[in-house]
Amino acid sequence: MEQVDDIAPIAILMDELRSEDVQLRLNAIHSIPTIALALGPDRARDELVPFLQDSIDDEDEVLLALAEELGRDFEQYIGGKEYAHLLLGPLENLSSVEETLVRDKAAESITKIAAILSTVQIEEYCIPLLKRLSGAEWFTSRTSSAALYPSVYDRVSPAIQDDLRKGFAALGSDDTPMVRRAAAKWLGPLLLKFSDPHILSDALPIYRRLEGDDQDSVRLLTVEDLIAIAGKLKQSEVKEQLLKQMRHSIGDKSWRVRYMAATHFNELAKAVGKEITREELIGQFVQLLKDNEAEVRTAASSQVPGFSDLLEKEVILARIVPCVRDLSQDASQHVRAALAMQISGLAPLLGRESTIEHLLPLFLQLLKDDFPEVRLNVISKLETVNNVIGIELLSENLLPAIVELAEDKSWRVRQAIIEYIPPLAKQLGKPFFDEQLGNLCMSWLGDTVYSIREAATLNLKNLTDVFGVEWSRSSIVPKVMGMGQHPNYLFRMTTVQAITIIMPSLNLEIVRSEIVESLLQLASDPIPNIRFNVSKSLEVLATTYGNTPEGKAFVQQRIIPVLEQQKGDQDADVRYFAARALQKAAMET
């Protein structure tokens, strides 16, 4: 019998891995740690690991799960770190399969295992594995090998490091574009481990070879390598060694490479330093802002404030602002939306006078844009502008834009503008808000979309926090409670939900005098949904105010009797929420 038990875990695993059902095989892979635990470390090493090494022929989904499981501290099931190298066998097989996701996960798991191996284990097991993968006949293995160099490079002796640099250089000039692409992707992390002399002697030639590749999918990955190399070199060396490649990447004939350069432009500018940025990169940046591809202009627009931060005010006004002016009228709505999100970042750099003169007309123009996302993006970033020039100059144009967005046919746009109302209210002040936006905020409570009604109730709570309890008492509470008498049950429901959310921001006096009567009337509403939402609301009331003597007395006299009554309701949900509310109220009081 004991022998049968011994065989069982592996036998079950084998059976399940042979099953026709993919889900069963997946479950079997996820149960490997449990099986290893049942077998014990010795048998897990001697039987389970070799079995896993052979079970490579399966669906990609199952192989991906296996690669993931082996990288999840699996060494603890086979006897600890000193045996962790045994897991490299199955993972080496997985690094050679055709599916990219599986290979990437296998490489990630090998990297995790390498991190816990000793130097001796790395030199004895990882380096031969790396050489086998790098020299393999099939390109998938060579592609996987590139990801492993950074994790082992600084853990081995100088002699082996020399071999590794040569091995990586071979990947950089491989015949297969996928291998060169992997080399371009991993060159940046690897060269950060190089000593300074090797940056010039080894990393630079590999980078130049990849940067001049005939495939744009390889060249676009070298932009991040360029940033990594520039960060490791002195300014004089950057001027001498990298200017030509920098110009190539930024002005590449493929828009995808220019897009990558534009996306990482600020990182590049910081890596090369202010001097080269001013001499070389201003012109290149302007070139990207005027690119003939909308995607490149969009990416460059997102870098405007960060890049301008490295420049003097005069340079921003002379070189960057004219481009921004053109972009604010760009034919592509995505470019205008990206600019609208970033343009406010220029205000602190230019100061009040220049912002009013140069940027204010652009803000006002973008606030009238036909595309809702552009208007939304401007409004979302108004706080920065307000801190520089005050909101008065914008308020007359701001209002029509907000009203238009509030009535937009897309509910997502309406929801987004609601979320910006409290910070805007803070800047606009109470009188202006009451006069211009108060009714608008209340109208959202009657929106046809539930998400908008929900956002509107949260908005009222946030406004109460901004303007204070007394403002809420006079401006919000009467209007919300008035909806409780509406013939349409959705309006009555909104009243209950709004009160539940706003109540913690109010005080007991307001709740007692303005709210509780109407709320208790709704406790006997004909619609069960409203009745159980009242139970929830009374629960919030009891837990919020039941911890003071005055509050306790109020809860005992007014709230508990109603909840007791609801406990006998004909609807099961109402009974459940009433019982829960009573329990919470009893704990508080």
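Keep in mind that glycine also has a Cβ here, set from the backbone N, Cα and C atoms.
Positions annotated as domain 'Phosphatase 2A Regulatory Subunit A helical' by TrEMBL: 362-509. Residues annotated as repeat 'HEAT' in TrEMBL: 87-125, 203-241, 242-280, 281-319, 320-358, 359-397, 398-436, 515-548, 559-589.
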Who are the long-range neighbours of the repeat 'HEAT' (559-589) in its own chain, taking Cβ under 8 Å and residues 6 or more past its ends?
520, 523, 528, 531-532, 534-536, 538-539, 541-543, 546-547, 552
Please compute the mean pLDDT of the model over the repeat 'HEAT' (559-589).
85
Should anything in the same chain at least six residues away from the repeat 'HEAT' (281-319) have a Cβ under 8 Å from its Cβ atoms, list it; otherwise answer none.
246-247, 250-251, 255, 258-259, 261-263, 265-266, 268-270, 272, 274, 326-327, 330-332, 334-335, 338-339, 341-343, 345-346, 349-351, 354, 358
Under an 8 Å Cβ to Cβ limit, what residues of the same chain, 6 or more beyond the ends of the repeat 'HEAT' (203-241), are close to it?
168-169, 172-173, 177, 180-181, 183-185, 187-192, 194, 196, 248-249, 252, 254, 256-257, 259-261, 264, 267-268, 271-273, 275-276
Number of helical, extended and coil residues in the repeat 'HEAT' (87-125), per DSSP:
32 helix, 0 strand, 7 coil
